[in-house]
Ligand SMILES: [Zn+2]
């Protein structure tokens, strides 16, 4: 624990962490991130972070239908909750109808139906709503929900590995206690679902930095306002190979000033880690320092904060990063040697917490970042 330079010991940050072994099992069924949840929480636990006095483990909870329908359409929610129980029929007409509905609600391909899907979606949404409610009650300063952060889900369909928009529902809950909310999205993909929900609001500023290139999912977020009526929307489109140094430069030079002018009352951070070096997507080249810097800066703003997960397709890297970020929130230094635990072998060959950068060149040159800065300035005129 750091001491304040004034000599007065700061109050420990009140931190909640959403976890239960049953929820980790359920979240580990997510087809895009099989077993990730279990491995993340196991590493956090192996570093003894869940035992700390200033961390309170809170149980996940299911969102009710009414809560889900605060944002999502009733038809979508009903279908999502019941589709697992609908048997494929001998009747061709009913089968065709089912296939049409699966298509309509996006429950195919990268969001295919899996056993436990409804329960998973209800828990993810309920837990982020609960995180927001706890902040609004002033029960905690920071709530961590690594299984949340599903930023592509839309009002009436699943998209991009995201079945439910826990983020939109969480922000809506936060708005009951906090007039202005800033949403910051560090995932390598554009946070299109959240942007779509709030783009016409001047009370929620959505800021997404992401890889942007032709053919790269979801293809939105080019740095120009999505609609002439859009209000507080800022997109930071970046190229391949982003390094910690440039992430830090962008965060300090572009995102921190946005926070200054917007002056939010609460913060939601989507911390997708699919931009890490070695992620199977292979787009960016980030390590722990880049994400850590962004989080430390956000913590220094001293506003109620929800920290969510997101993408991240190499389980051992996601576990390393989420463990490091948990320790950062708790202001504890942790050893670089991975402790012995159930998934220890996943950390071969070096068994270190740090993630080595790859050799990929950073295409975000000084000249390109000037172009991006101009785009940000233009979008920030509405903030
Ligand atoms: Zn992503």
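Note: Cβ is positioned from N, Cα and C throughout, glycine not excepted.
All annotation found in TrEMBL is predicted automatically rather than curated by experts.
Database features, via TrEMBL:
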ACT_SITE  152  active site, proton acceptor
BINDING   110, 160, 313  substrate binding site
BINDING   187, 189, 274  divalent metal cation binding site
DOMAIN    31-328  domain 'Histone deacetylase'
**Message:** Restricting to the chain of residue 189 (divalent metal cation binding site) and a gap of 6 or more, list residues whose Cβ falls under 8 Å of its Cβ, or answer none.
**Reply:** 151, 152, 160, 210, 211, 216, 217, 218, 272, 274, 311
**Fill in**
The most crowded of the recorded positions 110, 152, 160, 274, 313, judged by neighbouring Cβ atoms within 10 Å of its own Cβ, is 152
**Asked** So which of 152, 160, 187, 189, 274, listed as recorded positions, have a Cβ under 6 Å from an atom of ligand 1?
**Response** 187, 189, 274
**Asked** For substrate, what surrounds 110, 160, 313 with a Cβ no more than 8 Å from their Cβ centroid?
**Response** 32, 161, 217, 311
**Asked** Just how many other Cβ atoms lie inside 10 Å of the Cβ on residue 187 (divalent metal cation binding site)?
**Response** 24
**Spatial separation of residue 187 (divalent metal cation binding site) from residue 313 (substrate binding site) - C-alpha basis, Å** = 12
**Prompt:** How far apart, in Å, are the two Cα atoms that lie farthest from each other among 110, 160, 313, the residues recorded as binding substrate?
**Reply:** 14
**Fill in**
Given the divalent metal cation site 187, 189, 274, its other Cβ neighbours within 8 Å of the Cβ centroid, in chain order, are 151, 188, 210, 211, 272, 275, 281, 310, 311, 312
**Request:** Please give the average pLDDT for the domain 'Histone deacetylase' (31-328) in this predicted model.
**Result:** 96
**Secondary structure of residue 187 (divalent metal cation binding site) (DSSP, helix/strand/coil)** = coil
